[in-house]
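Colleague: Residues or ranges marked as Zn(2+) binding site in TrEMBL: B:C31, B:C34, B:C50, B:C53. Positions annotated as domain 'CoA carboxyltransferase N-terminal' by TrEMBL: B:27-289. Annotated zinc finger per TrEMBL: B:31-53, in sequence order.
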Amino acid sequence: MLRTAFLDFEKPIADLVEKIEQLRFVQDDPAVDISGEIARLEKKCQTLTRDLYAKLSPWQIAQVARHPQRPYTLDYAKSVFTDFQELHGDRAFADDHAIVGGLARFNGQSCVVIGHQKGRDTKEKIQRNFGMPRPEGYRKALRLMRLAEKFGLPVFTFVDTPGAYPGIGAEERGQSEAIGHNIYVMAELKVPIISTIIGEGGSGGALAIAVADQVLMLQYSTYSVISPEGCASILWKSAEKASTAAEAMGITADRLKELDLVDKIVPEPVGGAHRNHEEMAAALRRSLQESLRLVSGLSPEELVERRFERLMAYGRFKDRDAA
Amino acid sequence: MSWLKRLLPPRIKKDESAVRKSIPEGLWSKCPSCEAVLYRSDLEANQAVCPKCSHHLRLRARARLDLLLDADGREEIGASVVPIDPLKFKDSRKYTERLSSAKVDTEEEDALVVMSGSILAQPVVVACFEFEFLGGSMGSVVGERFIRGVKLAEEQRMPFICITASGGARMQEGLLSLMQMAKTTAGLTRLARRRLPFITVLTDPTMGGVSASFAFMGDVVLAEPGALVGFAGPRVIEQTVREKLPEGFQRAEFLLEKGAIDMIVDRREMRERIAVLIGMLTQQRAVEA
C-alpha cells in the first residue's frame, strides 16, 4: 500500500514514523543492531495513534472522513461483495461517475450496490467530480433501485459525498427534482435498503441515496445538513469557524446515534479506515450482515410500513396538546 | 351558516389585515422591480402584486392562506407543535434566542402554517411556509406540522396543497432538519396511495432542502412569476463554477423553459386555477355556470 498521508493533527505520529524510517535506514548497516529500538518506537507509535484517535474532535473526524486514502464505494464493492457487475447510465442523459452502482453478491445472495464515488488521483478526482453527483447520477441510482425492487434484491448504499453538485447544468437538469424523487421512491421501495455513511454524508446529496431501513455510520464518518465550512460561513460569517460549526451541529456517529438518527456505528481500525482497508472491510461486512438480518423476512408491506414509521418519528419538538 | 356548523371547533376568521402585514409600513410603497411608487392601499388591494409591472412581492403565510381559502370553515392544524432546541445550538446567538425574536417579529412560532378549509367550496388542506420566520427554514416543527396536514388530508380524503418559500433546512437543528426532507416526502406516498392530489405552489424563494424534497413531487407543480427556485443558491453556484450566471437563471420562467414545472400562475388567478385543477384530478363533474 501507499505511504499513509498524515493529517495536520497527526503530526506527532508523522514525526515518529519518520524517526522509525531513519532508523530502518541505519539498520542496513550490519555493524549496529537497533531492531529493539525500532520495535519499541513502533509500539509507541501504535499507542500514540490509539490515544490520539480516542479523543478526536468533530472537526478532526471530518478530516479523517475526507482522508484521500480512505476506502471508497468501489473498494467496498470489491472487498465486501463478490462478483460486482457495474451498471452504467441513467438512460436519459449520461453516466455520472460520481455515483456508481451495479449488481453484486453479498454472502452469495444477489443484491444491488449503489454509492458515491470519489477519485484517488487528480485525473480521477475530476472524472468523479469529487464525489458530487449531478441529476443523472441520482437518476442512475433510482433506476438501479427500481431494478432491485423488480427482482426482489436488497439494496446496499454507501454515502460519501461533500454534497450534490451546485452547477449550472445540474440546476438546468433538475437537481432538486432528482434528489426529491429518490427520497420519495426510497420511502416506498419494496425491498430492504441498508445505507452506510462511509465518509462524508453531505446534506441532500447524501440523503438522496440514504433513506433506509437501517442506517450505519463508520466510526470516523460524518453526516450533516450542511458542511461545517458552509455552516460557519453562513452563521459565523467566516469559514474559519468550521471547527466550531462541526462541534455545534453534531455531525459525528456517536452524536447521531444518541439522536436515534443512526442505528449502528461500525468500528474502524486503529487510526482510521485508511490505515487498514482489509480490516475495515471485514468489520463492515459483519455489520451489514447483522443489519440485513434485522430487516429480512418481512413482507414487502411490513417493510415499507416499518420504514414509514421510522421516517415519521424523525424530529424533536414540543406538542402543547400532548398529554 | 347552519346551527350545526356553528358548533364545530373554533375556526379562523378572515383576517383583513393579513396582506397589509406583508407590506412595509407607510402610505407609499416602492416596487422593488420597476421602482414605481405605489399607494400602499393599491398594492394591498392587488394582493401585493405591483399594478404597474406585475412583480410579485413576497407575502406572509397567513396572507397567502387568506387569499387562497374560502372565508368560512378554516381550521389551523398543528399549531400546538412548537420548537425546542435539541442540540443546544449556539452560533453568534443561541438558537432559542433566534426562535424567540422570530416569534416576536412574525407572531408565528415556526415557519409553516397549516390549515384545512376549502377553495371555491372544495375541501383542501393547505400548508404554507412563512419565509419571515428564520428564512422559512425546515426543522422538526415544519416537518411535523406538514405531516399532520397530510394525515388529515388522508383521513378526510382532501387534496393537499403546499405553498413553499424557504431558504432550505434549519441548520440549527443539525441532521434532524435534513431528516425532515425524508419525513415530509415520505408522507406524500400516503396521499398517492389514496389518489389524493398533491399540488405545490413554488414562491420566491424556494431553495435547498425544501426544493430538493417534496417541492417537485407535486402531481402538479405551479410557480409564481419570477420566483427563484433551485437546489443551490446563485452565490454558491457562482463560486463553484466561477462564471456569471445567465440572466433569469433559476427563475420560474427558466424552470418552465427547462421543463421543471407545469405552469406559472399569476397570484391573482391562483385560487381559481387550483380549484380547476383539483376539480379535474378528483374527477368532479363540471358545473355549468
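Here the Cβ of each residue, glycine as well, is placed from N, Cα and C on the backbone.
Annotations in TrEMBL come from automatic prediction, not curation.
Worth saying up front: this structure is predicted, and the values here are computed from it rather than measured.
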Colleague: B:C31, B:C50, B:C53: which of these binding-site residues has the highest Cβ count within 10 Å of its own Cβ?
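Modeller: Its Cβ has the most other Cβ atoms within 10 Å: B:C50.
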Colleague: Sequence gap of 6 or more, C-beta under 8 Å: which same-chain residues meet both conditions with respect to B:C34 (Zn(2+) binding site)?
Modeller: B:C50, B:K52, B:C53, B:H55
Colleague: What three-state secondary structure does DSSP assign to B:C50 (Zn(2+) binding site)?
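Modeller: In the DSSP reduction, B:C50 (Zn(2+) binding site) maps to coil.
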Colleague: On the 0 to 100 pLDDT scale, where does the zinc finger (B:31-53) sit on average?
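Modeller: Mean model confidence (pLDDT) across the zinc finger (B:31-53) is 91.
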